[in-house]
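S.K.: First the structure, then my questions, so here it is.
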Amino acid sequence: MAYTDHGGDRRRYRSPRSSNAHCRIVFLFLTFHSFINLVGASIHDYQNETFIRRANSFFFHGGSEGLYASKPISLNNSLSSQDNFPTGKSFIRFESINFRRTKESAQMASAMQQKTGLVEAIIIRVRDRNNIGGVSLNSDAICCTPELAKEGSCKLGEVIIRENTDEPNGPKRLQTFFEGQNEETNMVIQTVDINSTGMYYLYFMFCDPQLKDTVISGRTVWRNPDGYLPGKMTPLMTFYGLMSLAYLFLGLVWFLWFVRYWKDVIQLHYHITAVIGLGMCEMALWYFEYANFNSTGSRPMIITGWVVTFTAVKKTVSRLLLLVVSMGYGVVRPTLGGLTTKVLLLGVVYFVASEALELVEHLGNINDFSGKARLFLVLPVALLDACFILWIFSSLSKTLEKLQIRKSTGKLELYRKFTNSLAVTVLLSVIWIGYELYFNSSDPLGELWRRAWVIPAFWTLLSYALLILICILWVPSRNPTRYSYSEETGDDFDDEAVTVVGSGVKVSGEMATMLERKDRKASLTSLVDHHHVFGVIDDLEEDKRE
C-alpha cells in the first residue's frame with residue numbers, strides 16, 4: 001500500500017522501490033492504531049468505534065491474529081458447541097456488525113437510490129500487504145480515484161485491491177451498503193474460511209467522505225483449527241501444562257526431603273517451599289486459563305485477574321527470596337534486623353508495578369500491539385528489577401566478605417557457587433533481552449508470530465532453573481550447620497562487632513590480646529603461689545572479674 005495522506009484525491013507517482021517502502025510505513029501506521037481497540041478475546045467486540053482517516057480513506061482496525069490453515073474435514077469430525085462448525089475449521093465470522101452514520105450524512109443521500117454508501121471489510125495477510133492500495137499502479141491512493149477508474153484499474157468508491165489469480169487466499173473484500181437515507185445498516189452474517197496459515201489483519205474501510213463520523217458496533221469471531229486461542233498463544237497452553245508437571249515434580253521431591261529432615265529445617269526452607277507452591281499454582285492457573293480461553297473464545301476478567309495476581313505475587317516472592325538469601329539470612333544473620341522494613345517496602349512496590357503490567361498485558365487485549373500503556377508500565381518494573389539486582393549483588397559481596405573473615409569454608413563455598421550461578425543467570429538475561437529487542441524490531445508486523453511464544457517461555461524456564469539451583473544448594477539434611485546460622489560459631493558476636501568496630505581483623509586482634517593476657521597472668525600466679533590453693537583460687541576469681 002504505497003500511499004500517504006495528501007488531503008484529497010490527487011495522484012502521486014513513485015518508483016516501485018519507493019512505493020514498497022512507503023507501503024510498509026503505512027501498514028505500520030495501521031497496525032500501530034490497533035491498540036485503540038482493546039478486545040475481549042478471540043471474540044472481538046466493537047462498541048460504537050470510530051474510523052480513522054488515512055490518505056483518501058477511512059479505516060477501523062478490527063483485529064489481528066495468527067491463524068493456522070483449516071484441517072481437512074472428515075465425515076467423523078464432531079461439531080463445535082458454539083458455532084456448529086466441524087472441529088478443525090479455521091475461520092473469521094462476522095456477527096451482528098452494525099454501521100451507523102450521522103443524520104446529516106444520511107440526509108445528503110438520495111431517498112430514491114438503493115445504495116448510498118459503501119463500507120468494506122478487508123481481510124489481509126501481512127505477506128499480501130502490497131496487494132492493497134495503489135502500489136501496483138504507482139499511486140499513493142488507497143481508494144480508487146476518478147483517474148484510476150477511468151483507466152479501468154479499479155471501481156470508483158472502492159478500496160484498491162489487486163487480485164492475484166495464483167493466490168486464492170489473497171485479500172478478501174466483503175461489502176456492505178447503506179440504503180436510501182437510512183442511518184444504519186447491518187452486515188450480512190457470514191464466515192470466511194482460512195485455508196492458508198499466516199498473520200491476518202481485519203480492517204473496516206470506506207472511501208466516501210460523506211460517511212465521516214460513521215461508527216461500528218458488533219463483533220467478529222476468530223477461530224483456529226483446535227480452538228479459539230490465538231495462534232501465537234497456542235503453544236503456550238502446552239508449555240504451561242508441562243511446566244505445571246515440572247513444578248509438581250520439584251514440589252514432590254522437595255516435600256520428601258522436607259519431611260525426612262523436618263527436625264533440621266530452618267526458616268529459609270519455608271520460604272523456598274512457599275515459592276515452589278506459588279510457582280505450581282501459577283503454572284496450573286495459566287494452563288486452565290488458556291484452556292478456558294481456547295474452548296470458549298473469551299477471557300473472564302475474574303479468572304484472568306486471579307491468574308495475573310498469582311503471577312505478580314510469585315515474581316515478587318521469588319525476588320525477595322533471592323534478596324534475603326544474598327543477605328545471608330539464616331546463614332550469616334538470624335534476622336534481617338532493620339532491613340526488614342526496606343525489603344518489604346521494595347516488595348510491595350514491585351508487586352503493585354508488576355500487577356499493573358500483567359493486567360494491561362492480559363486483560364482485554366489479544367492483538368499483537370498492546371499500545372502506549374504497556375510502555376509506561378514496563379519502565380517501572382524494569383527499574384525495580386535493576387534495584388533488586390544491584391541490592392542482591394551488593395549483599396552477596398558483603399556476605400562473602402564476612403564468611404572469609406570468619407573462615408567458614410563450607411558456607412563460603414556454598415555462597416560462591418550461588419554467586420557464580422546468579423551471575424550466569426544475569427548474563428543470560430541480558431543476552432535474551434538483547435535478542436527480544438532484536439526480535440521485536442525486526443518483526444514489527446508480527447510475521448514471526450509462530451516463534452513469539454518462546455520469549456515469555458524463556459523467562460519462566462530461567463526462573464524455574466534458578467529455583468532448582470537454590471533447592472540443591474539449600475536442600476534439607478541432617479547437618480544443617482553447613483549453611484544455617486549458629487551462635488556457637490560466634491556469628492552473632494562477629495556480626496555485631498563488624499557493625500560497631502568496622503573491622504573483623506581488629507576484633508580478632510583484641511580477642512587474642514585478651515586471651516594472651518589471661519594466660520600470662522595465670523602462669524605468673526602459678527609460679528609464685530603454686531603451694532597455696534586459696535591464692536590460686538583468688539587469682540582465678542580475679543581473672544574472672546577481668
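Placement of Cβ uses the backbone N, Cα and C atoms for every residue, glycine included.
Not my notes, these are from TrEMBL:
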- 21-43: transmembrane segment (TRANSMEM)
- 235-480: domain 'GOST seven transmembrane' (DOMAIN)
- 239-258: transmembrane segment (TRANSMEM)
- 270-288: transmembrane segment (TRANSMEM)
- 300-324: transmembrane segment (TRANSMEM)
- 336-353: transmembrane segment (TRANSMEM)
- 373-393: transmembrane segment (TRANSMEM)
- 414-433: transmembrane segment (TRANSMEM)
- 453-475: transmembrane segment (TRANSMEM)
S.K.: Compare 239-258, 300-324, 336-353, 414-433, 453-475 by their Cβ pairs under 8 Å to the transmembrane segment (373-393) and return the stretch that comes out on top.
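M.R.: Most Cβ pairs under 8 Å with the transmembrane segment (373-393) come from 336-353.
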S.K.: The transmembrane segment (300-324): which same-chain residues, six or more beyond its ends, come within Cβ distance under 8 Å?
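M.R.: That would be 268, 271-272, 274-275, 278-279, 281-282, 285-286, 289, 292, 336, 343, 346-347, 350-351, 354-355, 358-359, 361-364, 385, 388, 391-392, 395, 422, 463, 466-467, 470.
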S.K.: Should anything in the same chain at least six residues away from the transmembrane segment (270-288) have a Cβ under 8 Å from its Cβ atoms, list it; otherwise answer none.
M.R.: 236-237, 240-241, 243-244, 246-248, 250-251, 254, 258, 306-307, 310-311, 313-314, 317-318, 321, 324, 460, 463-464, 467, 470-471, 474
